[in-house]
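Asker: Let me begin by handing over the structure; questions about it come next.
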Amino acid sequence: MKEKVIVIGGGLAGSEAAWRLANEGHRVILYEMRPKKMTPAHKTGNLAELVCSNTLGGLELTTGAGLLKAEMQKLGSLVIEAAKVARVPAGGALGVDRKIFSEYITEKIESHPNITLIREEVKEIPEDEVVVIATGPLTSDALSEKIKELVGYDTLYFYDAIAPIVEAESVDFSKGFWGSRYGKGGDDYFNCVLTEEEYKKFYEELLKAEKVKPKDFEKAVHFEGCLPIEEMAERGYKTLLFGPMKPVGLVDPRTGKEPFAVVQLRKENKEGTLLSLVGFQTKLTYKEQKRVFRLIPCLRNAVFVRLGSMHRNTFIQSNKVLTHYLNLKKKENIFFAGQITGVEGYVASSATGILAGINAGRLARGEKPLKAPTETMLGALVNYIVTKEGELQPMNPVFGLLPPLEKKVRDKKKRKELMAKRALETMEKWIKENNLVPEGLVKVC
């Protein structure tokens, strides 16, 4: 039996971390507070309970989630194994029977000889042990306080405010100009220009658009200083013109005049292939976001890789406190995994659990932790959350995070196919070089 590792949280990420560590021969103590103490969203005491959708996203390798799932399978993912056992028809997506899925994972964890499952709320972090914290978006108040003390009070967030992100190549750059306010900061922003007539149409449709109904446990959340754009619009016709759409300090070089209104797009990655809509956090439904935001002239044909949202979500500013290994910069024996790291979605959460498990095990054995290659979707996603400049908001796996191909490929589908091929080949090489798949860990269902 190898060294002990503690995992706090029995969701998707915690289950993956525990499974990985146990199969490497470590003695794992897994803490899960349910069913003794429930969250407002969970209904059972099962491990890896899915509280939102019952699909794990698309299977196509040309989608971010599909590619990440393929990488996870190569790493011996328990979540992918369970999803295949519990699979239900869901078109091109990997849909599962929630009950079968969570019961399968619970049984696997409970019956593993190297895992001790303790059903208790953790109120203190054992800072002298190797620990993986994977407590998710609804981390208990007591543990949240301890995490705050550990990472710093300004680096633990309790809600997210996600603005949409579009593919740069889908933006019509003839409908605006690059530049910063008052000429400061260079060409950091692309300014989508709206005439008064275009603004009026956008404003009216924004007010009419359907919103997502908040869950009961989210109703008390106040987004101080970070209002949804539709709520700002409800305060009056000109409110947005003094907020995220203000034209002050910007001169359109095509006219020599200040535009009536602008929507600023900011680069989300170094390559500039992804652009976010600045200040456009929203609670509109996904369908309505696409309809309304495409009324902005430069976004008429926009391809959205992430849509906006605002909801209750406990997560850390990983870019300030974590390394590429998913451990704390200041305390290398403490790892984080799952949604609490600032990744979005079931698959991304699960994948970070695998990586945290790999590196917690290596550290416990006195070995050097490993950085996942950025050519893989797992490596690219982790690289994003730990290196993002400014404020981190949750991110899902998208192709725009991957480094470009050495040779430029114009056809978008072909480009994604080649990126996926490179990612899987890189993952296989990384696994082989570092002996990352213990015998019997990968099961074909």
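Here the Cβ of each residue, glycine as well, is placed from N, Cα and C on the backbone.
A quick note: this is a predicted structure, and the numbers were derived from the prediction, not measured.
Sharing the features that Swiss-Prot gives for it:
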type: BINDING; residues: GLY9, GLY10, GLY11, LEU12, ALA13, GLY14; note: FAD binding site
Asker: If I restrict to non-local contacts, at least six residues apart, and a C-beta distance under 8 angstroms, what lies near ALA13 (FAD binding site) in its own chain?
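Answerer: Same-chain residues close to ALA13 (FAD binding site) (Cβ under 8 Å, separated by 6 or more) are ALA134, GLY136, ALA337, GLY338, GLN339, SER349, SER350, THR352, GLY353, ALA356.
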Asker: Around the FAD site recorded as GLY9, GLY10, GLY11, LEU12, ALA13, GLY14, what other same-chain residues have a C-beta within 8 angstroms of the site's C-beta center?
Answerer: VAL7, SER15, GLU16, ALA17, GLU32, LEU47, ALA48, ALA134, THR135, GLY136, ALA337, GLY338, SER349, GLY353
Asker: Output the one of GLY9, GLY14 that, of all these binding-site residues, has the highest number of other Cβ atoms within 10 Å of its Cβ.
Answerer: GLY14
Asker: Secondary structure at GLY14 (FAD binding site) (DSSP, helix/strand/coil)?
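Answerer: SS state of GLY14 (FAD binding site) = helix.
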Asker: Tell me which residues of the chain lie with their Cβ under 8 angstroms from that of LEU12 (FAD binding site), as long as they are six or more apart in sequence?
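Answerer: Listed in sequence order: ALA48, VAL79, GLY338, TYR346, SER349, SER350, GLY353.
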